[in-house]
Every structure is written in C-alpha cells, then in structure tokens.
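Before any comments, here is the structure.
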C-alpha cells in the first residue's frame, strides 16, 4: 500500500517545524491525516481564456475540503498566443509549456502533495500540465476554463454589398484586417465582436483541441472541452472535479488502485486521443503536445502511430477554422466529445477498455454520456447548454439552452462514419526528401482541389520576412512559401505562423499557394499550411537546402512532400551549408534572451514533440 506522499512533511516528531508552517496556512490537527490536494490554477488577467479563473480554484478547494481532503492552491504562468503572436513574444510560447510542467513538478514535489486538480485552458497550459501529471504520476483530474462563445455581427459583403450575419472568431479579425476590401469601420466592428466573452478562442484551435483530448485521454470529465465558459453547467464540472479527486486519492493510497494514476491510461488512451484529434480536425499543435506528453509518460507513441491512424480514421466533425458554419458551442449541442467518441466506437476505432477518472472504462462512460445511446435525460439536458450572446468576463453567468439537440448524423456538426466529412481524417503526416522525419498538415482545412500541389519555392529566413513579402504582393499564385529557421532550436521557440497564413488568405491566395515551415501553426490556421518540418533547418534539415525557384511537390493522398532536385545537387548544397553553418542566410533583428538560448541548447525537433534532449544532461 503506497504511503501518502504528504506524510513526508506532516508525520513524525522531526517534522514539527514543517507542521508548524502548515498550521500557519490554516491546517489543524485533524487535517494532518487527510490527503493534501494541490489545486493547480492558471489564472491571469493577460489571457481571456484564464481571466475568469481567479475564484475557481477556491471553488474546487471548497469541494475538496467538503469531501475530506485538504486543498492548497498555487498558480502557474499562462501565455496568450494570440497576443504574443506577430512579434518576438511568440518565441516564448512553446518554451512556456516546459516552464509550466517544471513549475508544477517543483511545487508538488517540494510540498509533497498527494494529488492534483489542474485548472487549465489555453494553448500551452493544458499540455504543460499534462506533461507534469505524467511526470509526477499521482492522481489528477483536469478541468478547463471552457471555450469562448463565438462572436456574431452583421457585416457588408465587400463584393455583393449585401448585409450578412456572420459568426466570428479571432482568425476573422486577423483576415479581415489584412483585406483591403474592408473599411476601417468594418475592421473595428469585427475586432469588437470576434471575442465576446471569457474563455478559450471559440473554434477548434489548439486550446479547445487539447481540452477535448483530455476527455479522450480519460483525465477530465465529460463536457470539459465543449461547454462554454459562461454557462452555469461548467460550475458543476469544477465542483465534481473537487469531489472526485479526493475519491481517486483514497483509491490509490488506501486501496492500492493504480488504475487511478495518469500513466495507467497507457498507449490505448493515446491512440484514442489521436483518433479523436484526427476525426475532429484538431490543431496540428496537438501532435506536438501528445508526443511530448507520451514521452513524459514513458509511452512509445510516435509519428509513425499518428501516420498510421491518419490513414484509417475518417473526419466526423468540422469546426472553425475549417468551416465558418460551426464553432465549439455547436459541437456541444451535438453531444460534445462523447458523441464523436461514440461514433468512433461504432466504427470500431476506439479502445473502450481504457480507464477514465470518472468511469471504470471509456466504454462505461460512453454508455452514459453518448447522447445517441444514453437513457439519461440529465445528460441530454447538459448537452443543450448554449451561448447567451452577452459579452462578459464572468464565468457561469448564464443558463441558456438550445431549443433542441443536433442529432443529425448525416448533415449535422458531428457525422456518422457513413456520412463522414471525408473518409480520411483531418490531420496527416507527410514525408519526403525535404522532411525525412516528417511534417504535418491539417487536411481538414485544405481545399480538396490542392491536395496535390506542385509549386515554386519562395524562400524566407523568418516569419517576419514571409509576412513582409506576402503583404508586398511578392508572393504569387503557384508559390510555396518556405519559412525556415523557425523551429524549436532555430527560432528559438518554434513560432506559430497564423499571420502569414491569414495574410495569404486575405490576398485571395488560399487555394493557390502553400506554406512550408519548420515552425508551427496556430490552431486557427487553414489552407495548405505544412508545419513541423523535421529535422528543422537549424538541426541540418533539408528545408535549409531549398533555394528560390526550386519546384516542390506536395501529395497529401500519398503522404509525400519532395523538393524536385537531384540527390547529387542536394548533397552539394549540404556540403556547402555544412561549411557555412546552419544559420539564416540573412541577419534577423531578433532579441534572443539567455532563457531562450538555454531552451535552444536542449530542445529536439518537432517529430520528438520538441521536448528536451535529456541525453545531453547525462554525465
């Protein structure tokens, strides 16, 4: 029977000093026999996805204490990718994932906490906390702040001049701002309407993708990824998480039940999560994060597994930015993540024996929470929770219900396998002489007409140069924009490329151009945008050998990407580059701090999840 970790600092005569300090935090005699639960919050006023979390840690804490535990809250950092984007602030986003994981490890191990409730929401916070959970391997429940309501406005179509009702998100604000056909007044209207409430941005972007994947991993409660941040139903998720973690802690420490530990989800849960990701056309960043989380868990889940799954899993859900018809609030109305998992289960694509924090197995969870099979009216009522359309930064401030559920599996937001949006899923891994270790593309956002595309390389040595060239109309139809030395090591920090892809779209080149980078993309990206090219240029990857005018062929159906240059010519270029050193050909006015330089020294390429190369730390 494992001993409570907290006994290290609360039991025995020698710990009198530590207990004295614990008492100064409010603990009493009777508390020293209870599990100490860390409430890991990520409240910050910098991030709309986290601005409403301030009091929610104490909401969870009250439930923990009512269930017989001791709750102790602390905070991690949180970077807003949208605000950090388009300038050197984005260099810090991906590295912050590792800082978050480390900070959780430091606090939990330093104070010998027995279990955790992780209150996350946005892009790097959920994966950072998941990495920490796997590293620590103590009982954990995740609960997110929830998605933002989609924005809504009426806007004049710049071509037809008719007034159109439009659902909006952050990406619309970026695209319209770069489109000269819209007036300053139009841009201002969209800016004020695109992000109306607290919560993670309203499409299937990285934050929402990751919060949905925690459901498939079995580490959060049903609805975690989809019920909007403003809805009263989300309050119940926080309360249930607080009660549940005390039960899980007791099952592990008092009953020796290792199935409650996060690593017990095993390889099967990672396959389930990736299967869901492919089926819902999630952000390509999820690939990066799942690979990193699997490494922390000691699970051999690789790009090869992702490639294998991408060939057989259909796309069953299509949400912004891949369509302007649906947002996350619409996924919830259709039954949420449990409904997508239910359709995948009927297709034989899930491991339903994987454990969850709220049911013995995923199969048991689906029996209760899949709205197409449940007999529980409370579940159906839960999935009718909808947006109120009232701008607010207050959590749980409304109780609006959709008039009906979306149960249309032929033409609705969530489809059955027989009526899938596409037979192959929304993410794919490509390989070729330009990406020997692979690169990734969100096929859900690529028009079928350019699934096979051959174009001319337009080489840039940074995101800034790419943006400058696109806005100056130097990028033409048929070009493939190369953005290199933006990988984890070369950036450093692996910047997101949402601005260049948004500007390509605003220039009317969304179906006529491609972009290839060793950097990454925002979950808001769509179009033929191929990222995570590995090895990256700074690590000697062939993307660093491409020259202006080279022809490049992209073949998504056959999962290939090649620069159409002979092996002999590539070898000649490699020898030349080896002599010069693998650095950008043009100087970049970029401030790289000591912290970022330290990150660059240890980080590996994207195909390994951009995690640290721990072999470099061996004596």
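For all residues, glycine too, the Cβ spot is worked out from N, Cα and C.
Together with 81, 123, 124, Swiss-Prot lists one candidate of 486, 496, 536 for binding Mg(2+), that being 496. Figure note: comparing Cβ neighbours within 10 Å for the binding-site residues 81, 123, 496, the maximum is reached by 123. Counting every protein chain shown, the number of other Cβ atoms lying within 10 Å of the Cβ of residue 522 (active site, proton acceptor) is 29. Annotated pair residue 522 (active site, proton acceptor) and residue 122 ([2Fe-2S] cluster binding site), C-alpha to C-alpha distance, rounded: 12 Å. A simple Cβ count within 10 Å picks out one of the binding-site residues 122, 201 as the most packed, and that one is 201. Cα of residue 123 (Mg(2+) binding site) to Cα of residue 201 ([2Fe-2S] cluster binding site): a span of 10 Å. Classification of residue 522 (active site, proton acceptor) by DSSP places it in coil, neither helical nor stranded. Within the same chain, residues at least six positions away from residue 124 (Mg(2+) binding site) with a Cβ under 8 Å of its Cβ are 78, 79, 81, 93, 94, 96, 97, 100. Taking CA atoms as the reference points, residue 201 ([2Fe-2S] cluster binding site) and residue 496 (Mg(2+) binding site) are 16 Å apart.
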